[in-house]
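Peer 1: Have a look at this one.
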Amino acid sequence: MASTVAAVRAAIKHLSKRIVTSYILDWIVILATAGVGGAFSQIDGNHHVFSLIDPDISYPSKPNTVTTSVLLLVSLVAPGVIIFLISMLLVPGRTAARGTSKALKWRRKFWEWNTGWMGLGVSLAGTFMITEGLKDLVGKPRPDFLSRCDPDLSLVTQYAVSGLGALVDNAPIMVDYRICRNQSRFVLQDGFAAWPSGHASFSWAGMLYLTLFLCAKFAISIPYLAPRTYSNDENPTSFEVHHHHHKHEVDHNHGIVPLRNQAAAPPVYLLILAFVPIGTASFITVSRWSDYRHAGFDIISGSILGAFFAWFGFRWYHLPIRTGAGWSWGARSRERAFYTGLGVPTYVGNEGWRSAKAEHAYRVDLESGENILGSGHQDQPARGMNGVRVQNSESTDGNAKDLPQNHVV
């Protein structure tokens, strides 16, 4: 226990305060976005006029199959716990070389945990704010609105706002919410909150994000062929190929791997990890139809909204599933923690994530176990186009690495 505590302290000892502050600010923005959504949910928004003979709002009122508290547990708490457990128990995985310090391993655990939660926060907070804002602006009556409203039919003429019902037989008369005997929040706020479906958007934002996270961490993806350079090998084609042999044939790889052996399908049981969250979101979504709380358009709109933010939140902090080997993007560099100037294409620079005082210290690569000097040493490691240190493609024991190049530990 004492060694673990010491490793955790060492993991955060040399981090730049500037970078830490910038990510604290990110969390403040995420929570503030959720707070704006919460404020929107308390606003008495628009009340769309309606007709007392409209069959689309004449359904009976039923209890919720999935209550708001259950929705929060499923879409927020459950993904958060799962992300935390995976980050603590499975990171850094097999790519960590023997002898890698506990401090470096804990730093990676904390980082994957942080990015996992931040992506979830972006997904849910953005979805919540947009959903509640649209509900207030539109004010669409729910399918069970008339059963909530309990209209006073003797006041139809008094609260009629439009329509030709008073002049033409069978023509509708549009009335406003003041005709309702029930003037509670159940009518005035929740009754005019049909579009878009909040249960649909929130469940898809949390559950689809969890699916993407699990697919990344467990390499659950359809097999594919990675892009490759031109080759003279005739195996990929069924047509005859005529070789023109040259003295210096540099493009041909005599040890080329057949296409069929360059990828394989993951175990089928892993699909359960991907589809259980999707099935859960689908169940929550469909329940809003059977409970007469939303029309089909409301549910589809909410689902698309939540799915978009789930994808956006995941890609904002994580590498693509197929090529990222399950990792999230690294941290911003110290001098680019808050912004970059015009003409600077990336938030990663030569200075890295360490504090200025720690620049002279050795840096240990998580995957290779190699000691790498700070930026002040003449034997700096190679860096890519954006000033990012390039990872070795192989470990000290010769096994291929799962981490992409240019990944900052």
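Note: Cβ is positioned from N, Cα and C throughout, glycine not excepted.
Quick paste of what TrEMBL says about this protein:
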COMPBIAS  389-398  compositional bias 'Polar residues'
DOMAIN    117-318  domain 'Phosphatidic acid phosphatase type 2/haloperoxidase'
REGION    373-409  region 'Disordered'
TRANSMEM  23-43  transmembrane segment
TRANSMEM  70-91  transmembrane segment
TRANSMEM  111-131  transmembrane segment
TRANSMEM  202-226  transmembrane segment
TRANSMEM  268-289  transmembrane segment
TRANSMEM  295-314  transmembrane segment
Peer 1: Can you give the mean pLDDT for the domain 'Phosphatidic acid phosphatase type 2/haloperoxidase' (117-318), rounded to a whole number?
Peer 2: 87
Peer 1: Can you tell me which parts of the same chain pack against the transmembrane segment (70-91), counting only residues 6+ beyond its ends and a CB-CB cutoff under 8 A?
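Peer 2: Residues packing against the transmembrane segment (70-91) from afar: 105, 108-110, 112-113, 116-117, 120, 124, 199, 202-203, 205-207, 209-210, 213-214, 217, 277, 280-281, 284.
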Peer 1: Below 8 angstroms Cβ to Cβ, which residues of this chain, lying six or more residues outside the transmembrane segment (295-314), approach it?
Peer 2: 56, 119-124, 126-127, 130-131, 140, 143, 194-209, 212-213, 216, 281, 285-286, 288-289
